[in-house]
Amino acid sequence: MDTKKEIKNNNFICQIINKDLNENKNLSFYTRFPPEPNGYLHIGHAKSICLNFELASLYKGRCNLRFDDTNPLKENIKYIESIKHDINWLGYKWHGNVRYASEYFLKLYQYAQELIKKGLAYVDHLTKEQIREYRGTLNTPGKNSPYRNRTIQENIELFEKMKKGDFSEGEACLRAKINMSSSSIIMRDPVLYRIIFIKHHQTQNKWCIYPMYDFAHCLSDSIEGITHSLCTLEFQDNKFLYNWILKNTSVKHYPKQYEFSRLNLEFSILSKRKIKILIDKNIIEGWDDPRIPTLSALRRKGYTPSSIKNFCQKIGVTKQNNLIEFSMLEHCIRKELNQTAIRTMAILDPIKIFLYNLDSNYKEEFIVPNHPNNPEMGTHKIIFTNTIYIDRSDFKEKYDKKYKRLKLGEKIRLRYSYIIHAEKIEKDEYGNISNIICYCDLNTLGRKPKDNKNPAVIHWISEKNTLSAEFKLYDQLFNIKNPEQQENFLLYINSKSLIKKFGFIEKKIGEEIQKKISNNNIEIFFQFERIGYFCIDFIDSKKNQLVFNRTVGLRDTWDSKKIKTKNITNN
């Protein structure tokens, strides 16, 4: 995948950048990825990360990592470390040191003082509820705060008192003085500073007043020399305030904001608030539960950095909000794993087969490829004995003409091995099949049977070549395509989003995995033949009990000839 070429050819933002660079030959492209450290990154953030870092590489520019840490109530060091890890995992490196908006708090405070001295900001004592009430609606203009027309000197003194901690939380705030009748609600005297008495993870207890995101963001962009500030469409109206603040302060550099559509993914919730509800109600295990699209969850499910970057490249960058097919994301990882995953056999729901014409000490070894189309990936040994396991779904007791696998009185070929014939069954006290008695035709290794009819092929594992394992079969968490739009999204939980199976993998393969787990070499991917692509669950696996997560099934349902997206209003 030539990501740079794809970006240059298909990205409307590139057209803007090309124009800017052509008009100003001395301009160097400079962008940033500015997450708030109040949660874990998800697939939507990956789109922004890929866009910013790939553009910086394409234009030989720079991309900063800046944490917009202006709300210590919701922020945590663990989110900072997780975000840095995710960006590195995707294969990107930010320019220079990690930056924090909190590094600029003194400078931001000085810019706020400038606005006060120009009569463009005032200290207000309305409560949060009163401010909301005074702001008006889309159809009705707002009304001025009774504190709006204080003198400049009074506002200077009050803002200094806010900084010193002389007011309690909610008792005072600093607001921009713009226009309470503006058609844009965001321009109706927005709050610029509020009081929060809590220890900040970077500045400790140095500050008790904190700038709002809209105030800190544009000024931080300016301080860092950002040329193109890229954000999603929900910040489109914020651009009015972004430009107003820059225009009315003494900044020396004027970045430009451009918006693109956010990533909306079928059957998924991206809202941090809603994901937390799912966790609190024990519907999912945590932020890395493979049923949600956080990057840590996708990593645990078996998605690779290249598959996620390929997905972001395929969906492109537009100004139209669309609902992206989940099958496109699956297509990207399936296509990669088809080339790279080791082939092996696993039995998820075992049923025993006894081959009565073979001795109990019968043993035969077969050398099988790790990948059918890539000899360089090597081979491994499997053994064949008189007792083997197949998957319960590969046998049917009652005759069914359409059923092409093993059934009583019929034959089947074992993968890489012989043809067997099912003659009778044994059941336990509950009526469940416990044993299938079969005849093994030893003249059929690599040969057709006497009737010249090749039967279907199923996978198997010798009883003497098994290692027990748990298999987690993940499906969509929701049973509707756009749960984000539902008022009560919890009504649409898929009760079968996780099914656990307990079975076997090939012993030698399992032992190799156990060695790698102890060495923390945990990115191990397999195609369990006829089942799907799986990875080792590096969180739940123990040395004596391996756990595998299904990454994706074998069948590709996405039409790769055209990118299918759906209007986000459709369910």
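Cβ coordinates come from backbone N, Cα and C, glycine included.
It should be emphasised that the depicted structure is a prediction, and the values quoted were computed from it without experimental measurement.
Listed in Swiss-Prot for this protein:
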BINDING   36-38, 42-48, Thr232, 262-263, 270-272  ATP binding site
BINDING   Asp68, Tyr213  L-glutamine binding site
MOTIF     35-45  motif ''HIGH' region'
MOTIF     269-273  motif ''KMSKS' region'
Helix, strand, coil residue numbers for the motif ''KMSKS' region' (269-273) per DSSP?
2 helix, 0 strand, 3 coil
For Asp68 (L-glutamine binding site), what is the secondary structure by DSSP, using just helix, strand and coil?
coil
Would you mind pulling the DSSP three-state label for Asn38 (ATP binding site)?
coil
Pairwise Cα distance for Asp68 (L-glutamine binding site)/His45 (ATP binding site) [Å, integer]:
14
Can you tell which of Glu36, Asp68 has the least company, meaning the fewest other C-beta atoms within 10 angstroms of its C-beta, among these binding-site residues?
Glu36
Whole-number Å distance between the CA of Leu263 (ATP binding site) and the CA of Tyr213 (L-glutamine binding site)?
22
